[in-house]
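**Q** A single structure is presented below for examination.
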Amino acid sequence: MMPFPVTTPGSQQMQPRKHYGISSPISLAAPKETDCVLTQKLIETLKPFGVFEEEEELQRRILILEKLNNLVKEWIREISESKSLPQAVIENVGGKIFTFGSYRLGVHTKGADIDALCVAPRHVDRSDFFTSFYDKLKLHEEVKDLRAVEEAFVPVIKLCFDGIEIDILFARLALQTIPEDLDLRDDSLLKNLDIRCIRSLNGCRVTDEILHLVPNIDSFRLTLRAIKLWAKCHNIYSNILGFLGGVSWAMLVARTCQLYPNAIASTLVRKFFLVFSEWEWPNPVLLKEPEEQNLNLPVWDPRVNPSDRYHLMPIITPAYPQQNSTYNVSVSTRMVMIEEFKQGLAITHEILLSKAEWSKLFEAPSFFQKYKHYIVLLASAPTEKQHLEWVGLVESKVRILVGSLEKNEFITLAHVNPQSFPAPKENPDKEEFRTMWVIGLVLKKPENSDVLSIDLTYDIQSFTDTVYRQAINSKMFEMDMKIAAMHLRRKELHQLLPNHVLQKQKTHSTEGVTLTSLSDSSLDLSADREDSMSVPSPTSTMKTGPVTGSSQGRNSPAPAIMAASVTAVQVTEVSLQRVNPGESLGGASSESIPQTASQPALLPPPKATVARVVSSTRLVNHPPRPSGSTATNIANPIVGV
């Protein structure tokens, strides 16, 4: 028996049963000839994007995992001998490498890394994994770039094995030996385990459950490849920045497969957009009924956990302990994703009617033409190693800034682009590594007023304070690690971004306002027109350093902010075009989407429109906003059944 799941085309199908998931299917219709033709065209469209791996490369991965599996068995046997276990136990002690993530799901792309889990018996400690096993790997000639991250939330050893990057987690089970046919979905394995082992097991358990909960694995895989590519092309693939990560996209595709169990990929892609453009968030997406195992582990349940009631787009993992995989989703990222679902539905309907090809679905929209004004965040460090750590920390906190911006009553949407970009050096003669992220903003006019003036000083200063505080607390901070925030109008983006990034198909502007910085103690937003006076250079920059002493309030001055020129122009009126599937798709959206049990809506997204905004050079001091979520108290929300 192979030591890990092998994913090859034409792998065996799951046994049919009455229905999959928590509700009956929407349709049991079998594929038509046109569906088969469209599916073949979809495969041909996907090939140039590198989403399929050659058989030779797949066999290389299998060989590498076999070698790694043998290393694990050899290491556990050595540990067992050193601890004087009986010879009969040593001969059958086992140990095994399991895979999870995209490789286990069978949807990994060319050159992708492998997520792996080392499972050991009870007499092998985590300390052994990070010492003797680490040393064993270090001596192996095919292992390069070996590093241990023992203090991580989920401790991991990272390495490159014969050119393939692998992340290895560790779990010690309460078993004397590890049998070859061990099924990690067995909940009883979690008894008496420490929390780090439970976290390490979670990836494999969730991945295995997903594969057991879809009617047709091959159709699921092809559909997931298409949806993941679409999400990456449309810049909505990033768990850390508040969009969805790989496991969340897999669960949405799995739910679609459950609702259309006999459909093939071309139909499933279209139905995916139909289902989730109409989904009544925050009703949770569930692949199976949640089960309580009485192991006293925290699970997602808004009836019990008040914090769970504020999750905006819950997608619940199917393995115990059930968790929400999308807790990072914000009002803005949900709005962006729902709009993309609607656009995807419109495009796939055109494909069905032979009015468009599949390639249209994977055309990247131009983020840098979509908005009129942007905030650019820059992170810089003096060395490459420091820069790598610094960028990782800043990126993990960007969603905090987005959440703070969303709470501003005059900001309708704050859309962060998941792709980061190298930033030009401030001083060409100085060694410096710089990365930047770009956030597009949509403003809305205040009620009963033609004046719009927004102070963002506190929001940005609070964000930078949070980043510096964590860097200092984790002893990562070094001198010359910096964060800067600046505004740029759309026509000024060329000063920081290369032309090949900016010169893409222009899309309709979502609104008609732009960003201007006022005074030397605020970042202020005011309206502008595309052909109005331009700001000579992106000088509206806030550079901050670690703040010591007492925390600053909203009206406290920022350490250093450079003044910018001010623009005052006439009104402008633009509204965001929205797709109405019911009108444009000839009734295609008339199917009833099975939701989970009715639940009061949390934080309904505001309409993305701006009308009659007049620019202003007047600074408005807003009172401090209440901390925490703006959602109202909800009476007894329940998990859907």
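Any Cβ shown, glycine's included, is placed from N, Cα and C.
TrEMBL labels come from automatic prediction, so no person has curated them.
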**Q** Among the residue ranges 8-33, 580-605, I'd like the one that TrEMBL describes as region 'Disordered'.
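**A** In TrEMBL, the region 'Disordered' feature sits at 580-605.
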**Q** Can you tell me the mean pLDDT for the domain 'Poly(A) polymerase central' (219-363)?
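**A** Taking every residue in the domain 'Poly(A) polymerase central' (219-363) and averaging pLDDT yields 95.
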**Q** Of the residues in the domain 'Poly(A) polymerase RNA-binding' (366-434), how many are helix, strand and coil by DSSP?
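**A** Per DSSP, the residues of the domain 'Poly(A) polymerase RNA-binding' (366-434) fall into 27 helix, 19 strand, 23 coil.
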**Q** Rounded to the nearest angstrom, how far is the Cα of D167 (Mg(2+) 2 binding site) from the Cα of S102 (ATP binding site)?
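**A** Counting only the Cα atoms, the answer is 13 Å.
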**Q** Inside 10 Å of the Cβ of D113 (ATP binding site), count up the other Cβ atoms and send me the figure.
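**A** Around the Cβ of D113 (ATP binding site), 15 other Cβ atoms lie within 10 Å.
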**Q** Non-local Cβ contacts of G246 (ATP binding site) (under 8 Å, 6 or more apart, same chain)?
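**A** Listed in sequence order: G101, S102, K228, Y237.
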**Q** Please give the ATP site's span as the largest CA-CA distance among F100, G101, S102, T109, D113, I114, D115, D167, K228, Y237, G246, V247, to the nearest whole angstrom.
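**A** Greatest Cα-Cα span of the listed binding residues: 21 Å.
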**Q** What is the three-state DSSP composition of the domain 'Poly(A) polymerase central' (219-363), stated as helix, strand and coil residue counts?
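**A** Grouping H, G, I as helix and E, B as strand yields 74 helix, 6 strand, 65 coil.
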**Q** Express the distance between the Cα positions of D113 (ATP binding site) and D167 (Mg(2+) 2 binding site) as a whole number of Å.
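**A** Between the Cα atoms of D113 (ATP binding site) and D167 (Mg(2+) 2 binding site), the distance comes to 8 Å.
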